[in-house]
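Following: one structure in structure tokens, then a few remarks.
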Amino acid sequence: MTSKVSRWLSEFCGKLTRKKVISGDMMETPLKRYFGTWDLTLFGIGQMIGGGIYVLSGTVGREIAGPSIVLAMLMAGVVAMLSSLCYAEFAARIPKTGSAYLFGYVTMGELVAFVIAWQMVLENMIGAAAVGRAWGGYIDSLTGNVIKNGTIATIGSMRGAGEWLGEYPDFVAFGVVILACVAVAMGVKHSAWLNNLFTLVNLLVILFVIIFGFTLADSKNWTVEGNGKGFFPYGFNGVLRGAAVCFFAFIGFDMIATAGEETINPQKSIPIATMASMSVVTISYVGVAAALTLMVPYTKIDVDAALPDAFAQHNLNWAKYLVAIGALTGMTTSLVGSVFALSRCIYAMSIDGLFFEWFARLHPKTQIPLNATIVFGFLSAVFALVMELHILVEFLSVGTLLAFTIVAASLIVLHYQPLEAPSADDKNYGSITPLEENAKSVSRPASPTVQQQKDALAGTLKPRFKFLKFLDGYKAGRVVVFAVVMLAVFTGCFCSTLIHGFEKVQQGQVWIIALAAFFGLGIVLSFALILVHKKNHPQISFKVPFIPFTPALSIFCNVILMTNLTTLTWIRFTIWCAVGFIIYFSYGIRYSKENKHLDYNTMVVFGSDADSDALSLDGKIIRPQPESVNTISHISTISPPVTPATSSPKSSH
């Protein structure tokens, strides 16, 4: 009986941690490589600037942080930068079209991948709703609040129905999300040059807001004399909560990683584009936040259309319309992109067997995942219709922060896994070197090098810590996995204790101080467990500096922001996660493609190589055809890259 239970538990855990197999040359792709570093940088900027600053500046500036939105934006930018470093390394290791879902599936296993994908669904669904709501707010502002007042007069206010509802049902927001769904469902075509054009227009509008806004600035608006409460009207907690909400404005940098298969030199271009776009967006956001709160007192900021209204308060209606048009252009691009990504994310999970197969069906004519687009697009439209903007943004932020935390944790684990030393007869699995015109054939060495032998011992105790006998009997890398999990848990407990019990700490209550000290000690010991083990040193084009400090800092910062979100947000998020786990354990775990032992693995993820429109965005999905390859039932590591024998991508997967 005991052996049967043990065997069942072993099989069950094996299913949760089974990893996706990527067979063949990593640089092989049916997609055309045309993205350069410049295109990729503008693509990332466009994804972030599209809706973030226009959606959040009013809500955070007036209701959450006040003038200290400047610090909130800067803090959110730093946290996003740490996460983007982790994404950049994963993209250098796995230059396939995909994002956190793929990274998690290949490195951490199926359950982690499902959790990430489920948060990506939330991110794109709520993101589309939030941008739609902001779009409606801008239209209402341009009409002098005629739409809002007319709707309330006709239907009535929804304030009494619940805290999470908006003041009125926004039919404009509902309609624009539905139109975005129709456009995506019809196979709307995008192109790199059009994205670049819209992005440059957005940057020019933001530059105008910053420069012209500072000419209208009044420093008194940051003081008690000007607004009655000074620079920190909501205290430092307002800055932290504002940073958590402002994180939404930086969502989109992860989209750069989806361009791996359509980038000429992904290992070089993706890290550079990620860092460049993050820097430009952070500087732009901080500048806009400063200009806005200096132009008008934070108490007079319009929540729905902050930037146009700020110019209107200075009787500059021409500037109001100029900014509004730029904002609507950016938000439209962002909205269509969110709906597009949402349908592809659902399709990716469905084609991998983790979600209902019905959503993987393609329209025979347009080759679009029509079912996923219609159902989840409609849900986004309903959220945009009834939910308050800041509630949408907070709901979105918690899921995204969790996904980024998992990515950072996965990166630490990956650096402490043993790498198998290649042999002479190894096949070229996992080649992730840049595509070059004159690439020469380089074969793997017949015997492992000294460094490869060291990498094979990664995850074991360092020689000087061999006296820690209680850690020496575990499988290589297993203790590090445990330590990373405990690091995240103790960090969450530590931050929650200090943030929600700060008044008691100030009062000197011993029990709360002792509790915080206990959790702090847990953080230190968990991190120490990681440090006493050996790392691997894969030869890739980009590595996050200061492993494990940088991803650990990313985890810490993400958790700080998450613990500053409201209790109601966490309740909603818990319900969302519960629904996801019910779907996975009742359906996904049974029908996963990795559970069927197929002769080949269909490489389909959000923006996958099977989805030829992922970054070329031509609106169609082409199903990959199976080819005769040897089945690899399980992989636990990503081997160091080697130079492929040929430089031209093949047309089959």
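Glycine too: its Cβ is placed from the backbone N, Cα and C atoms.
Sequence annotations record features per position, and here TrEMBL assigns transmembrane segment to 35-56, 68-88, 100-121, 171-188, 200-219, 239-260, 272-298, 318-347, 368-386, 479-499, 511-532, 544-563 (among others). The domain 'Cationic amino acid transporter C-terminal' annotation in TrEMBL covers 542-592.
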Based on Cβ pairs under 8 Å, which of the stretches 35-56, 100-121, 544-563 lies most in contact with the transmembrane segment (318-347)?
35-56
Are there residues at least 6 beyond the ends of the transmembrane segment (200-219) whose Cβ is under 8 Å from a Cβ of it, and what are they?
42, 45-46, 49-50, 53, 226, 280, 284, 287-288, 290-292, 294-295, 307, 310, 314, 319, 322-323, 326-327, 329-330
Is the count of Cβ pairs under 8 Å between the transmembrane segment (479-499) and the transmembrane segment (511-532), pairs 6 or more apart in sequence, 3 or more?
yes
Does the structure show the transmembrane segment (68-88) and the transmembrane segment (544-563) touching, where I'm treating 3 or more Cβ pairs under 8 angstroms (sequence separation 6 or more) as a contact?
yes
Rounded mean pLDDT for the residues that make up the domain 'Cationic amino acid transporter C-terminal' (542-592):
88
Outside the transmembrane segment (100-121), six or more residues from its ends: residues with CB under 8 Å to it:
15-20, 22, 87, 90, 94, 254, 257, 341-342, 345-346, 348-349, 352, 354, 376, 399-400, 402-404, 406-407, 410, 413-414, 576-577, 580, 584, 588-589, 592, 594, 605-606, 608, 635, 638
Distant-in-sequence neighbours of the transmembrane segment (272-298), which means Cβ under 8 A and at least six residues beyond its ends:
37, 40-45, 48-49, 52-53, 57, 61-62, 66-67, 69-70, 72-74, 77-78, 80-81, 84-85, 87-88, 91, 203, 206, 209-210, 213-214, 216-219, 221-222, 226-227, 233, 246, 249-250, 253, 256-257, 306-307, 310-311, 313-314
Provide the three-state DSSP residue tally for the domain 'Cationic amino acid transporter C-terminal' (542-592): helix first, then strand, then coil.
40 helix, 0 strand, 11 coil
